[in-house]
Amino acid sequence: MKIAVFAGDGIGPEVTHEAVRVLQALDLPGLELVEGDVGGAAWRKHGHPLPEATLEIARAADAILFGAVGDFECDHLERHLRPEQAILGLRKALGLFANLRPARVFPGLEDHSALRPEVAGAIDLLIVRELNGDVYFGEKGIRTLDNGERQGWDMMAYAESEVRRIAHVGFKAARGRKGRLCSVDKANVLETSQVWRDVMIEVAAEYPDVELSHMYVDNAAMQLVKSPGQFDVVVTGNLFGDILSDQASMCVGSIGLLASASMAEGTKGLYEPIHGSAPDIAGQGKANPMATILSAAMLLRHSFGREAEAARIEAAVAAALADGVFGGDLGGTYGTTAIGDAVLGRL
């Protein structure tokens, strides 16, 4: 059970430290933690945000626990040397193609959501986003038309194999949850989405125990606000998933509680909080580590099949929140270490 720990920049080292404490408290057999440098911290030490030594650690590990990258002092660097390139480089090198982002409102936190409490309380969903295709990675450019006007263009495309691969991730996730999967597309307008929908229907035949539904992305955006409790697992492409996952995260109440996973084929994955490096509070012990602790729970569940231990961590976080253990992001006074202690005490 080899886990690479890449703390990164800003509050990254503080929040990953608390998540590591939780992992160590579980007495997992064969647990091995290996640290590596990424982001601005790596650039300062090695001249690159993702040194080859760090890549080797990542390749040799079964899973990666990632903190955060981002350092305003590196904004002057060429794009390929900026801290954010570390996460992009890891995605490419490890073949990470599926982003899993759960969104759940913990009991007692309904008032922190932007939605009405009775609506927010029903949120418990998982967005599965394809990471490697779609308009983000298609051909693109800027051309000059015959009339001299500039025109920007981007090609949106999905191959059947790309859709099939992410579909299986979504259906397997739904099978382990409430058994419902909603595929989000724009098949009434886009040929890309028609292929997406056709493949989703085809793959659904292999999962008769999972209920498949379809929704256009504009309606899905509305329903996430109007009636989010209807969703269990949402599977969608890169562009739509980028937007919907951020929308869902804001319905929860604080990004300090939101974890995510980026998975390769098989069980290898990179797990990280969705928040950034927050350099304005770095080193002050103010950051909420719960999202990183919950990322560690996802790591145990998806990379090692340790459902019992993952559930223990999630229950401990929920219990701490129920007892009023709030960080500054939730209007509380608990600091990073105190929150970690509170979760450890409730494992």
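Backbone N, Cα and C define each Cβ position, glycine as well.
There are 28 other CB atoms within 10 A of the CB of Arg129 (substrate binding site), with all protein chains counted. What TrEMBL lists as substrate binding site is Arg91, Arg101, Arg129, Asp218.
If you look up TrEMBL, you'll see Asp218, Asp242, Asp246 marked as Mg(2+) binding site. Secondary structure at Asp242 (Mg(2+) binding site), as computed by DSSP, is helix. Counting only same-chain residues at least 6 apart in sequence, those with a Cβ under 8 Å from the Cβ of Asp242 (Mg(2+) binding site) are Arg129, Tyr136.
Around Ala278 (NAD(+) binding site), the C-beta neighbours below 8 angstroms that are at least 6 residues distant in the chain are Gly10, Ile11, Ala68, Ala287. Summarising the annotation, TrEMBL assigns NAD(+) binding site to Gly276, Ser277, Ala278, Pro279, Asp280, Ile281, Ala282, Gly283, Gln284, Gly285, Lys286, Ala287, Asn288.
The domain 'Isopropylmalate dehydrogenase-like' annotation in TrEMBL covers 2-343.
The annotation site 'Important for catalysis' is assigned in TrEMBL to Tyr136 (among others).
Residues or ranges marked as site 'Important for catalysis' by TrEMBL: Lys186 (among others). In this view, Lys186 (site 'Important for catalysis') is surrounded by 20 other Cβ atoms within 10 Å of its Cβ, with every protein chain counted.
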Secondary structure of Asp218 (substrate binding site) (DSSP, helix/strand/coil): helix
Lowest local Cβ density among Arg101, Lys286, which the record lists as binding-site residues, within 10 Å: Lys286
Between Gln284 (NAD(+) binding site) and Lys186 (site 'Important for catalysis'), the C-alpha gap once rounded to whole angstrom: 45
Rounded inter-Cα distance in Å - Gly276 (NAD(+) binding site), Lys186 (site 'Important for catalysis'): 30
Within the predicted model, mean pLDDT of the domain 'Isopropylmalate dehydrogenase-like' (2-343): 95
